[in-house]
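Per TrEMBL, signal peptide is recorded for 1-18. Look at TrEMBL and you will find 204-532 tagged as domain 'UvrD-like helicase ATP-binding'. Residues or ranges marked as ATP binding site in TrEMBL: 225, 226, 227, 228, 229, 230, 231, 232.
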């Protein structure tokens, strides 16, 4: 620090002269400076010993300190931490000195400020400011924060800098709510400029929320599309908008779907609405195949097992049989492990007294008793374990950590050992034949993308039915997203309709979207064009009883004057109560291997060996017939010359009318178009009227209350543990297939807990006969 003590003297404006000169009187107060000059590059001080000190404006720190004294004031200046103390400033001159100092400093920094302002205006000119751009902008302006903080107190600002500094200060000091307001204004402008597109893209103009979803441009965007809210229209609108606004070309857009049929449907819609655009639409598996082919230079060999769960199941069964029964060289270690597993399994079932466990285990080891069911269980658990984590290297260690959290640790640990052995043989067979299955393809594609061996051409990634995504697929999306700093991720889904947990989907990727993909703009599509307000009120309130579900306020295009969710009871007669009891206890109809292969693990892993006999009681059949007759006779919702559509839904396939019965019902009621399917299969379907069969309690009830294998508990995502969470979402799907009315046929002797909840709560439902 060097000290200056001076009296301010106004000098000539001639450039050769100093701006300030200090009198002999100032020297009496210890001043060490004779002159102070302002130059374009900085301030120059000379001492009474003729020493010269240069301080550049680029390192000047605008936060000075001003101390008032009895006769003279003191000003302390800083140049990147080096202090300059000015003593003996007269009170009459201190304000002018400070103003002049700031004026010359800003003038010296003018070029840098104008370049900074140009960068700001270029960013703003691009329109929507994504979170990554916002962070970059804040980082760019951050070194100037002290200047912007001092700006209101600076009296003399060069005229050319007043407007730029005002704008720069606004953006540097803006908070996220200012950014949101700015972006909403940009979105409104874009919606207006592309109004013709949004009005005419579909048969009906897009809603305001649909238009918002089309134009939002954050780095990661999640559109929560309630049932019947027009998510496909948003996917089409998004693509059309990107092309029309010239924010993208067709070859930079990628649409991902989960099923081949869904991908083909999306391609057909794009071809119809945007015939000139050659946008890439692929399933995750097809994308993975293409990535591997591009990196390796040849198409990978896809195992025949990839397309067939049945084939995989059969392979695992054969491997177990070979390990246990190979006459020449059976695997004694595996036999011992399997025997130990059987003991733990029989104990877990708890059906036999302990003194009979040995005999039951021997029956299992001999391939008798419930051996087939046990085998199906192990195979299904192996397949679910295989798909449980995106990072296969962490699968074993993470599973070991969870083992201590289940009730039957021994059975879970033994299961883990067996499935690890089976998967070891499975992967060895794939490696030997140089083949991949679909899951291995996803993993390998992720590796190629993350390593940079594959260079993604896509800047806009759109994912349909996002609620069905697994950890592995989410990882692939994340890797593609991270390849470009300016990439945009756009996902459309509905966590309320996440019903495929048994197949590997993880609802947490949707409900905790920003944890996976960064800061997110979440937009709801809240107007449904399918069902009325009465159905919506019941369905929405029911699914939102679980606070883990994302909140949405659904409005409906259609209104109804009375409750449209009806509950009707049927009661089994004594003969059918006895028949149903015997069908489970005696296992009169067993699940064969082919049927088992098509069932999810939560269907197979149960304490009974088989599903109950598909025998409806006369009361149940009469109630269904009565409901269909009422619908056929009713004029409500009827359109001239058109059949009313009726969808019969059930939790399990065996609870539906068989083909013969369905044909008979259709012939009996020609006014009705009757279809029947499980609730899982009904996803994406709709009908005028829905009848949900077999609303009852129990293992094959709705909700389904099966005793879950302890290892299956480990494989479930770590969620809140809300009771029947996925079953509630499944019930929501059932309710929202209907456009006009839902009828719930409920077993009076053992009613579904869902029906009981509807009646006990403040739900708009009615009980009818």
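Placement of Cβ uses the backbone N, Cα and C atoms for every residue, glycine included.
TrEMBL annotations: computationally assigned, not manually curated.
Taking the features listed in TrEMBL, we show where each one sits on the structure.
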{"residue": "225", "record": "ATP binding site", "Cβ contacts under 8 Å, 6 or more apart": "231, 234, 492, 493, 494, 524, 525"}
{"residue": "226", "record": "ATP binding site", "Cβ contacts under 8 Å, 6 or more apart": "494, 496, 524, 525, 526, 528, 552, 554"}
{"residue": "227", "record": "ATP binding site", "Cβ contacts under 8 Å, 6 or more apart": "494, 496, 497, 528, 530, 531, 539, 732, 733, 736"}
{"residue": "228", "record": "ATP binding site", "Cβ contacts under 8 Å, 6 or more apart": "528, 529, 530, 531, 686, 736"}
{"residue": "229", "record": "ATP binding site", "Cβ contacts under 8 Å, 6 or more apart": "525, 526, 527, 528, 529, 554"}
{"residue": "230", "record": "ATP binding site", "Cβ contacts under 8 Å, 6 or more apart": "202, 206, 207, 210, 525, 527, 529"}
{"residue": "232", "record": "ATP binding site", "Cβ contacts under 8 Å, 6 or more apart": "266, 269, 464"}
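Residues 225, 226, 227, 228, 229, 230, 231, 232 make up the record's ATP site, and a Cβ search at 8 Å around their centroid adds 494, 525, 528, 529, 530 from the same chain. Confidence across the domain 'UvrD-like helicase ATP-binding' (204-532), taken as the mean pLDDT and rounded to a whole number, stands at 89.
Following the DSSP three-state reduction, the secondary structure of residue 231 (ATP binding site) is helix. The number of other CB atoms found within 10 A of the CB of residue 231 (ATP binding site), across every protein chain shown, is 22. In the three-state DSSP reading, residue 226 (ATP binding site) counts as coil.
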